[in-house]
Amino acid sequence: MQPPQMPPDARAWHNAQRSGSKSRFHLENIPMTTHSSHNVYLIHGWAANSRIFDPLRPLLPAHWQVHAPDLPGHGTTPLEGAFDIAAAADQIAAQMPCNSDVLGWSLGGVVALFIAYRHPDKVRHLCLTASFAKFLATPAYPQGVSRSALDKMTALFEADFPKYMRQFLELQLLNTPDAGAVIDAVLPGLTAHGTPAALESALEALNGADARPFLPRVFQPALLVYGGKDGITPPRIGQYLQEHLPYAETVVIDKAAHTPFLSHPQEFAALLARFFG
C-alpha cells in the first residue's frame, strides 16, 4: 500500500478556499474539465449489485468511461471466503487506471474510502452518497445505526429477497412521481441472481468496518450526498465524515431517501458531472 499523499486538485482547492478553521471546496468553484479518457467507477451497496445504477448511467456525460463492478458475492461476482472490505477495495483498485473518479453508495462508499486511502494514486475525486465511516452506533459513535434495526432489515431480506427488495425501493422512492417505472427498470437486474451470496458475510464485514482512523489521511476532494428523508443513513451520519475528511463538501437533497441517484437522477447526475468534471 502506498503512503497517502495530497493530490494536486486538493492542494489547489485547499489554497484557494478556506472556511473558518476547516478547509472546504465549493461546487461552484470547481473548474469544469473535459478528459478524452475519464474513468468513473460506481460502487453499489449491500444486498444490491451494479444494476442499481442503470437509470443513472444514461444521464452521465458521454465522454466518461463508466465502470460499475459487482462487489464479491453480489451480482455476477462470486464470493470466495468471507466478505472483506479491504480485499474488495484492493480487488477493484487493481482494475482502475490512475486518477479515476469514484462514486460509492452506502456500503460501496466505505469500499470507496478504503480504495482512496489504500490506493491514493487511483482516485482523483471521491463521491460518497448515503454512506458512513462506521455503520453501527456505539456510545462513542452515536451517529450510527442500532444493531436491532440492522438485524430486522437483514431478516426481511433473507426471508424473501425479491419481495423485500421491491418494498425497500418503494420506500426509498415514496415521493418520486415515476417510482413504478424506476422500480420496474432496476428490480429485475437486482433480483436476477437470487439472494446475494454475501448477504450475511458482507453485513458482518460492515458491522466491523471502521474508516474513522484513516479519514484525516484521505486527501482526495470528497462530495458527500445525502437524502433529507433517509431513515437508514440520515444526514447526521454524514456530519462525521464532513468533520474528519480534510476536503469535503456536503449536499443534502431534501426530498430524497437512501437512493438519491434513483429518486432524483437529474439532480444527482448534475452534481456528479459538476464535481467529477
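Every residue, even glycine, has its Cβ placed from backbone N, Cα and C.
Since this is a predicted model, take the numbers as computed values, not measurements.
Lifted from TrEMBL, the feature list:
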type	residues	note
ACT_SITE	SER106	active site, nucleophile
ACT_SITE	ASP230	active site
ACT_SITE	HIS258	active site
BINDING	TRP46, SER106, LEU107, PHE168, LEU169, GLU170, LEU171, GLN172, HIS258	substrate binding site
DOMAIN	40-270	domain 'AB hydrolase-1'
REGION	1-20	region 'Disordered'
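Sequence features, as recorded in TrEMBL, placed on the structure.
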{"residue": "TRP46", "record": "substrate binding site", "Cβ within 10 Å": "23"}
{"residue": "SER106", "record": "active site, nucleophile", "Cβ within 10 Å": "26"}
{"residue": "LEU107", "record": "substrate binding site", "Cβ within 10 Å": "28"}
{"residue": "LEU169", "record": "substrate binding site", "Cβ within 10 Å": "24"}
{"residue": "LEU171", "record": "substrate binding site", "Cβ within 10 Å": "15"}
{"residue": "ASP230", "record": "active site", "Cβ within 10 Å": "23"}
{"residue": "HIS258", "record": "active site", "Cβ within 10 Å": "24"}
Which one is it: of the recorded positions TRP46, LEU107, LEU169, ASP230, whose Cα lies the shortest distance from the Cα of HIS258 (active site)? ASP230
Using C-alpha atoms only, work out the spacing between LEU169 (substrate binding site) and ASP230 (active site) and round it to an integer in Å. 12
Looking only at the domain 'AB hydrolase-1' (40-270), what is the model's average confidence as pLDDT? 96
Between the residue listed as 'active site, nucleophile' and LEU171 (substrate binding site): CA-CA distance (Å): 16
Could you state the CA-to-CA distance between LEU107 (substrate binding site) and ASP230 (active site) to the nearest Å? 15
Span of TRP46, SER106, LEU107, PHE168, LEU169, GLU170, LEU171, GLN172, HIS258 as binders of substrate, largest Cα separation rounded to whole Å, comes out at 20
To the nearest whole angstrom, what is the C-alpha distance linking the residue listed as 'active site, nucleophile' and TRP46 (substrate binding site)? 7
Taking only the Cα atoms, work out how far TRP46 (substrate binding site) lies from ASP230 (active site), in Å, as a whole number. 16
Once the DSSP letters are reduced so that anything not helix or strand counts as coil, what is ASP230 (active site)? coil
